[in-house]
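Visitor: Before anything else, here's the structure in question.
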Amino acid sequence: MDPMDAIRVTFFEECAELLESLEAGLLALHAGTQDADTVDAVFRAVHSIKGGAGAFGLKPLVAFSHEFETALDALRSGRLAPDAAAVSVFLRAGDQLGDLIETCRNGDTPTVPDTADLMGLLAGTDDAAVSSDPAVDFAPVMLDLDVAPLFDDAFTDMPEATGVPDNRTWIVTFEPLPDLLISGNEPLFLFRALEVLGRIEVEALLEGLPPLGNMDPQVLGLRWMIRLIPSAPDLTETEIEAIFEFALDLCVLDICLAPAPTIALTSAPVTHQSVTPPMEGLRQQPDEPGLDSLPDTEPCSPRPPDAPATPLPKPPPMTTIRVDLERVDRLVNLVGELVISQSMLAQGMIRAGLDQHSEAVTNLDDLQQLTRDMQDSVMSIRAQPVKSLFQRMTRIVREAAQSTGKDVRLETDGEGTEIDKTVVERLGDPLTHMIRNAIDHGLEDPKARTAAGKQPTGVVRLSARQQSDRVVIEVSDDGRGVDRDRVLERAIARGLVPAGKILDAGEIDRLLFLPGFSTSETVSSLSGRGVGMDVVQRAIRDLNGTIAITSTEGLGCAISISLPLTLAILDGMIVRSNCQRMVIPLSAIIETQTISAARIERLGSRQTVVQLHDHFVPMVDLAQGMGFPSALRSRSDGSADCDAADDDDTALLFVQSDDSGPFAIRVDAIEAQRQVVIKGLGEDFGHVPCVSAATILGDGHVALIVDPAGIAATSGLQTKRPTPALFPESSLQ
Amino acid sequence: MNQTATIAPSVAAAGPVDPLEDRSELLTFRCGGQRYAVDIMSVREIRSWSQPTPLPHAPPFMRGMVNLRGSVLPVMDLAHRLGSPPTDDDPRNVIIVIQDRARVHGLLVEAVSDIVHPRMDQLQDVPQVGDGDDNAMADRLFVVDDVMIQVLLIARILPPIGTQFAGTMT
């Protein structure tokens, strides 16, 4: 990859994180937390995005984030009140910013969203006129090599030089340390970035430059003094410092406000006052070798004597590292292998006839404990809090509320619940769908709510909690609940349920998950696009999860999803068929029967059906369905456990797949129910039908994880409508 | 098979040109009663036999997969792939783990013989016989101790990605 592309990728990753903190901050504002820290965090997020966008020449992004930043700055300086109207404008701007970043990430040419709202916010404040165009023309850098830099000169020069006497001038002294160039920084770029903030005058300070003969070409001997006349009057030191963010450890930076020309020399206290507040954030170099060679900096000393009196204790930042997901996965694999090796070793020791109480066996138990602990910790690396997912949903709620004209409040709970990263990523679409459904179909409009004696604002609750080794995510609303009469009527009209059949409430609710079912009578722009909850159900089942619905007429509806903590482990039934051990995902199994208890009938010459409750469903032999030749029975010499002829162990597993109805899989024996570590079949295998992945069993052998839908497809099972009574979550929660 | 033949030239052209130009260190082995060799740089390791787990609806030469230190390695019966009868299950068989760029594959062979360093002038191009489908998997050949050894091109042995099993589905 082009190194620049790699940096670009990192930038967009950072953008995603920044957008998250932006959203978190805005939501906090929305909820009424309006302290300076929150506002600063929001501002910083937008500012960092702007900075990065500038570096990549993403002009529309720079332009928009600049407007955003300007408006936020008004908020930060207190000129704009963080009332509900303003915050909602900011929230919308945040969404737009996210869209814009997404467009840029895809490499498309974005258009700058309308900033009229943001500008409108500013209109009430006094800096409406100053909100500046970020595309400042590049002014030639002034390098006055002849004149010794004197602050006094600078001050007296200023009125003529700036022409904007209202804006206070900042003096930035920048002294690079020897490593600056080596680490890839370039002063020119820093100065150009400064220029975005306003007009700059750069002066190189030549004293201390070694004689030409001694000069190290990799080290900058120069120091610079920059006078910055900001285009916005309320520029803060933190903003200037942010420009030097990546060079902070590599230079001695001194930022101070020059006294206003007219009052500079007479009103030093004013200067102190205006400098003090932003100081808390400034990282000051402990040793400032360059400063003593500077002219007298007293009027703008960055450290007024009373500064320590305003401590702002900040929690130590959480230390994190970015790690390639692939490396983590490798670790997960290795630990999985360690667990298998360990159990193989244990089996070997027992076979070798070691005493159960011997030292070796005791030590092995310790080893087992350690490897299990290690597996847990490695798995937890992949775990992520669902917070980011929930935050994204706030936007969905906002948009859905807007387009339906309903008043909606989203309540979230258990944001800290952690779940596998991939699960978090793949939950986005189903959750979006469920929330839209809840708002579109579940919640009533404010009038109907008031009539029903409820608060006009509807509530959608999104909660997550861990329940032993599963995570349960629930979307609930306080709307009208499932209209069962209508659901049943529609299901009958669509031929999903035979007319006149009596279903209990739960069965009717589960009809919503049937393919092709849509309750909304008019196709709304939100949720009625012909795809229904069946798509949600499929997505959840792909994650080895289950979904269930509970509804109370008039009080609301709750849909809960139960998911495994990790995608790396699967609850499965280890079965044997034709001397091969295979794993059938537990989430797919509805019921099991022994062959002796089952009622099996032949249909024609080849097909066999078996009774499940009051229905006959097709039956497939697992090994045959997988296309294994029956010759396999006689071939293997290594499988001593191959006693396929014994009919007593033969069992039937009834499974549910999405595309066909339930069917039975015949296996020679059910060996165990166990958690297995999923090993993906890589590209090397191409497309393997009937199999979703593989796993390695305790004895080191590879076993296939069966994909029931694939078996149904390759066995040519007719697509049949599942009857509601057979829905899997009824029996497997 | 025809597909393999048409795809192979482009694979060879895109790959690291011809390993034999720079280095002719070859691993020789026995398989289906014949002697073959592969560039030793493509050999990652040699493993003893373990019973592969068969894959559903796979072409007959795909023996299945084995556990390679926690990941799953596809294993191909090389003799069967090259047109000989399938190799019998035998604990003395070995699996040569080869790597072709990102792809890692196991080749089930009867036995590994030697590492040889033939001179360039000892290597002979494979003569065209008939339509040359099977011969296309061998690139050069040479003679050691009166035994002909075919040098296989890994990229041609491995089934093309994505097309491997699609055609065998019912």
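Placed from the backbone N, Cα and C atoms, the Cβ positions cover glycine too.
According to TrEMBL, the protein has these features:
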- A:1-104: domain 'HPt' (DOMAIN)
- A:His47: phosphohistidine (MOD_RES)
- A:273-319: region 'Disordered' (REGION)
- A:301-318: compositional bias 'Pro residues' (COMPBIAS)
- A:569-717: domain 'CheW-like' (DOMAIN)
Visitor: Where does A:His47 (phosphohistidine) sit by DSSP, helix, strand or coil?
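Guide: Assignment for A:His47 (phosphohistidine) reads helix.
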Visitor: Enumerate same-chain residues with a sequence separation of six or more from A:His47 (phosphohistidine) and a Cβ-Cβ distance below 8 A; give 'none' if the list is empty.
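Guide: A:Ser65, A:Glu69, A:Glu239, A:Ala242 - these are the non-local Cβ neighbours of A:His47 (phosphohistidine), listed in sequence order.
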Visitor: Averaged over the whole of the domain 'HPt' (A:1-104), what is the pLDDT?
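Guide: Within the domain 'HPt' (A:1-104), the model's average pLDDT equals 82.
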Visitor: Going by DSSP, how much of the domain 'CheW-like' (A:569-717) is helix, how much is strand and how much is coil, in residues?
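Guide: Grouping H, G, I as helix and E, B as strand yields 24 helix, 70 strand, 55 coil.
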